[in-house]
């Protein structure tokens, strides 16, 4: 049972979803859940009365809802019964419910018929509808949107009656005065409009953030001696986003005072407000404020002028589960809404989760400043539904289905065809049919023949992979993303990643920085991009220091060693420069040492010169031979001058012989060359 209670606590819905009690004795409670469904519950029996799913419940989720006022329904009931012959029921039957959507359309849902009554689209809003208000007399509907405009609708014709610009920024809240002649609108400043002329009657300072709620708290001025014009002297209440103060304003005759006359302080941002109107100056205003932290603060105060100090709550109501056993601890149960009953002495509380909320009537005891209601809601139907919703089931898919990858619209993954059975392949072999191809064999082995490029994640899927990896702590998926060295890809991924993943990414980078130095180099690039791009977001986190304490200590320890490493680096540079400088100074002595070996090098040169000398000596001997031959020729000419012709012939023969000796005289001259060398 304790485990079931924990499961229920984890499935609690966050406060701030569109919901409202019906105007007549709070008989019904309407709630538009985050899945786009509208559910109407009976407050007395805590039973689901109706459920409606709009056709565009996923694209145009419900952003606000409001019931038609009781007086208007009492008028419309009999008319519709006569016209359409429907069993409307008694005059106090709740009928119309207006729903504003995120795409700018307004739906009118009939709880009597259990279906959509009409749709207000044409000429209306272009952006999200923030607030809707019914006029209590003429049946008109007023709506405001992020498109800065206020629209007056005719619910009978479903057309725009009037449209005007309400602010320079988005208009977030509306409220109609008790007499129906004025309209309050708020973005960050609050304006009071005259509905007949659509002109601004008063300006109020407003809040620093967009106003989320506006309500008139009195229907008569405190000073009844002066004539009442329907608006002067009335008080109204305003609450804003991320603001823990509810301001009370008074409409004055002069336009001098624009600030709030008093304020109520709460523990967190108000998400649902209900109050009882003060009909005279002695009657106090009772206020029930549901905060985002799941608590209800009750105030009771007589509005009689300026109050400097913020007023604290008279009573705080909280709900928790019982802690069963020694180890289990009580867990808080968030309160979704709270509304005063008709007797003004009891309160209807709606708590739990949006799928199966619990509605309980609690009597108010003003003597106790704090009430903690212990409720065991594990016995309700919510655990079974929660288990059925969150349990992951693998769907059965055929080959024609296309799988959509999360986060990338339009991208579908190819589904591999079923591989041929190995039994069929073996039967082919046995029957002696045609030999099985290699493709069929690979298919039988179920080998994925995709290229490596297909397996790599695409650039636009990196933020999606990073988010999924951080949420599921998938080590392989994180490695695919974080091991990239492309600086531009890292920047694009960090820019496109959701803000809620910044702190988990920094914690993951801190773990990896303590690992191998090679991976730490890449992690530093990621860390630099995250800290520079998301610096403004990180500066807004109040608990940033404890979350990033490990990273700060790690960086501080690295920085401490950096100074020592820089000193060591400088000394190493000095040593290296000294070594290179000493080598340069020793450089000129190196040729002198080589000069000592010149003698040995000359001996080798002599040998080479001797070889060259042989060739030169051969040439010299040839020249000597020619000179000797020439001397012999001169001697022969002197001795045989008389017989010149005969001697010339002999000389010619001698020259031929001498030329042959010149050509073949190397062997004869070798001993002489050796003697010369010696």
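Even glycines carry a Cβ here, placed using N, Cα and C.
Taken from TrEMBL as is:
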- 600-653: compositional bias 'Acidic residues' (COMPBIAS)
- 654-664: compositional bias 'Basic and acidic residues' (COMPBIAS)
- 665-678: compositional bias 'Acidic residues' (COMPBIAS)
- 473-575: domain 'Small-subunit processome Utp12' (DOMAIN)
- 584-678: region 'Disordered' (REGION)
- 122-157: repeat 'WD' (REPEAT)
Helix, strand and coil residues within the repeat 'WD' (122-157) as assigned by DSSP:
0 helix, 18 strand, 18 coil
Taking helix as H, G and I and strand as E and B in DSSP, count the residues of the domain 'Small-subunit processome Utp12' (473-575) in helix, strand and coil.
86 helix, 0 strand, 17 coil
So what's the mean pLDDT when you look at the domain 'Small-subunit processome Utp12' (473-575)?
85
